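One structure is given here, and the rest of the page talks about it.
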Amino acid sequence: MMENVFDYEDIQLIPAKCIVGSRAECDTSVELGGRTFKLPVVPANMQTIIDENIARYLAENDYFYIMHRFQPETRLAFVKDMHERGLYASISVGVKEEEYTFVQQLADQHVVPEYVTIDIAHGHSEAVINMIRHIKTHLPDSFVIAGNVGTPEAVRELEHAGADATKVGIGPGKVCITKIKTGFGTGGWQLAALRWCAKAASKPIIADGGIRTHGDIAKSVRFGATMVMIGSLFAGHEESPGDTIEKDGKLYKEYFGSASEYQKGERKNVEGKKMYVEHKGSLAETLLEMEQDLQSSISYAGGKRLDAIRNVDYVVVKNSIFNGDKIY
């Protein structure tokens, strides 16, 4: 049993002496797979969060993205299209038999996505290990992200199999109900799980799920994340794929979990739910606000670059930093 676990709202980072005149001097960029991105943030590879248009926008503006895998037949054309535009391609695959064929097809046509994410709910499995090896055999130049996992053993095993990065988080997301349906996961202690996994990792980690505020991005970086995957904070933008509905004069967009019945069109093996999030305006505004908030975080950390955050002290505030005020 692990003692003393904690989550985002239980932690406060402690400021160090500021060395910049303005937060604008702080650099939030991060490197992953040989490319530099503006932010250590990636929108969740979910159907209500990302589509081709958003992927294109993110790539054009030096942000990281991972395209979802819920329209598998469009992926080949998507990779080709991104490459024709001079942009990088980043896609997701599962572990079923047809995915092996798809990887082979990419290799046969010499269509090599720069990033391939193997994305299943319980990533510590032979199925994922076999798929990592398959991709590394046929697409050796692709950067492989594998997940999702929640233990140091899983991180070590996937790295050993050839994964270039691992994705950590089992069911902590806002529309993920794995924790409720199964009793398993990192819900409620995602930040401690991230720290535990990061200590075992020799390659980058993507923290996935449980982010509710921009400050949580800085906390993720402090505890070892190279990238932070975010769903609900990216849901509900003008550009977001979901349907817009009006209720009591307010605009909302739908947001659902990747294993929800809305996603699957069926009621079996449901581990996701649907919710409506308030319409948030443009994606560019949110990305800018995230950048500015993270620049402030870096200035509080006493540095000029993102890495400064990794060295700050922290306290565990067991009464929750919101003191009963719900801000989300």
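Cβ from N, Cα, C; glycine included.
As annotated by Swiss-Prot, active site, thioimidate intermediate applies to CYS176. Taken from Swiss-Prot, the feature NADP(+) binding site applies to 205-228.
Classification of HIS214 (NADP(+) binding site) by DSSP places it in coil, neither helical nor stranded. Of all Cβ atoms in the protein chains displayed, 31 besides its own lie within 10 Å of the Cβ of ASP208 (NADP(+) binding site). Distance noted between the C-alpha atoms of ASP208 (NADP(+) binding site) and CYS176 (active site, thioimidate intermediate) is 12 Å. Secondary structure at ILE205 (NADP(+) binding site), as computed by DSSP, is strand. Counting every protein chain shown, 26 other Cβ atoms lie within 10 Å of the Cβ of CYS176 (active site, thioimidate intermediate). Across the structure, CYS176 (active site, thioimidate intermediate) and SER220 (NADP(+) binding site) are spaced 19 Å apart at their Cα atoms. A sphere of 10 angstroms centred on the C-beta of ILE217 (NADP(+) binding site) encloses 27 other C-beta atoms.
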